[in-house]
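Trainee: According to Swiss-Prot, the protein has these features:
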ACT_SITE  Cys103  active site, nucleophile
ACT_SITE  Cys200  active site, cysteine persulfide intermediate
BINDING   Gly12, Met13, Ser14, Gly15, Gly16, Val17, Asp18, Ser19, Met38, Gly127  ATP binding site
DISULFID  Cys103-Cys200  disulfide bond
SITE      His128  site 'Interaction with tRNA'
SITE      Gln348  site 'Interaction with tRNA'
Amino acid sequence: MTDNSHTRVVVGMSGGVDSSVTALLLKQQGYDVVGVFMKNWDDTDENGVCTATEDYKDVAKVATQIGIPYYSVNFEKEYWDRVFTYFIDEFKKGRTPNPDVICNKEIKFKAFIEYANQLGADYVATGHYADLKRDEAGNMHLMRAKDQTKDQTYFLSQLDHAQLDKVLFPLAGYTKKEVRQLAKDAGLVVADKKDSVGICFIGEDGHFREFLSQYLPAQQGEMQTVDGKVVGTHAGLMYYTIGQRKGLGLGGTKENNDPWFVIGKDITKNVLYVGQGYENEHLYATHMEASDIHWVDDVVSRYGMEFHCTAKFRYRQKDEGVTVKLSDDGQMVTVTSDDPARAITPGQAVVFYDGDECLGSAIIDRAYNQERQLQYV
């Protein structure tokens, strides 16, 4: 049996069941485990309760239960500078950003690794559902987890070899159900704790509009069909995303009782374009352009400048077949779907896969239906 006692693993602990079981498993495997709670946002609510304080108490309880030291580190400044300002800037451009992808790249696997190194870490570990595989040349590859319904490679798609070489994902071979059972069997106080949802700085109560309006002034404007008919008033373009159905306040017409969906935005005119029907032609793109490309591995040497793979355009979506074509300088990518893709959203990540391997990702800029650019921003 391998003696892991001289290998220090610093675990990012959130106070949730996944990261708690991560620490537990590593402790059981004999590693020298240290727990660290990352405070990324001052999330005191209207009642003066800071959920981070409650979560830290849970970290302390779990760490004490399994017998490991624990610390708290404050990354509020790093988070503001590297993640939150990006989030707001994207909304100013009329886009819909995904802060989790950037947070993992900049905070959980950058600032956190730098801090863990100060604690003498050989590795860091998190409660993400993802797997790693090292090839014969020694390069690390990012792979999907066993529990495909919980797989989080989408959010880890901007990590690089240096980060992955330093990381352990102990939950790779477990389902969520099994993780909860492990927590119960060990008597962990968080065994039945609800999973956190939503963006950390908005919290679970989902007061998104209220929150965003503190940083960006909302400007009402017209809701129009693509042929210019005014059908309503929007509360501010930043509050809507492509393909959105809820919250439009529009009913059916005599001619058409289909529900309304957001099909586009014009940020210069402050117009929100809406259309009826889930299958509305204006919601479908044949191809898209994306930038801020990041490859986990050297994709060009493996596949060339043009290749076929699968992709996700949002986290919960099934993989879709796509053809990827890189620009000559490698800074832009054109992604052509095998079948037209619905509700492609600028600001979101398009994440590429070869089977179970996550190849990397890019940030969507524009979407097209044949030669016609969709009115997405």
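The backbone N, Cα and C atoms fix where each Cβ goes, glycine too.
What's the neighbourhood like for these features in this structure?
Mentor: A 10 Å cutoff on Cβ-Cβ distances gives Cys103 (active site, nucleophile) a total of 26 other Cβ atoms nearby, all chains included.
Mapped onto three states, the DSSP output places Asp18 (ATP binding site) in helix. For Asp18 (ATP binding site), applying a Cβ distance below 8 Å and a minimum sequence separation of six or more within one chain yields Gly127, His128, Tyr129, Leu171, Val179.
In the three-state DSSP assignment, the secondary structure recorded for Cys103 (active site, nucleophile) is helix.
A coil conformation is recorded for His128 (site 'Interaction with tRNA') in the three-state DSSP classification, outside any helix or strand.
Gln348 (site 'Interaction with tRNA') counts 24 other C-beta atoms within 10 Å of its own C-beta, drawing on all protein chains shown.
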Trainee: I need the least crowded one of these binding-site residues (Gly12, Gly16), counting other C-beta atoms within 10 angstroms of each C-beta.
Mentor: Gly16
Trainee: Just to confirm: which same-chain residues, 6+ apart in sequence, have a Cβ under 8 Å from the Cβ of Met38 (ATP binding site)?
Mentor: Gly12, Ser14, Ser72, Val73, Phe75, Ile107, Lys108, Phe112
Trainee: Could you tell me the C-alpha distance between Gly16 (ATP binding site) and Cys103 (active site, nucleophile) in angstrom, no decimals?
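Mentor: A Cα-Cα distance of 18 Å.
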Trainee: If you count other Cβ atoms within 10 Å of each one's Cβ, which of the recorded positions Ser14, His128 has the most?
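Mentor: That would be His128, with the most Cβ atoms nearby.
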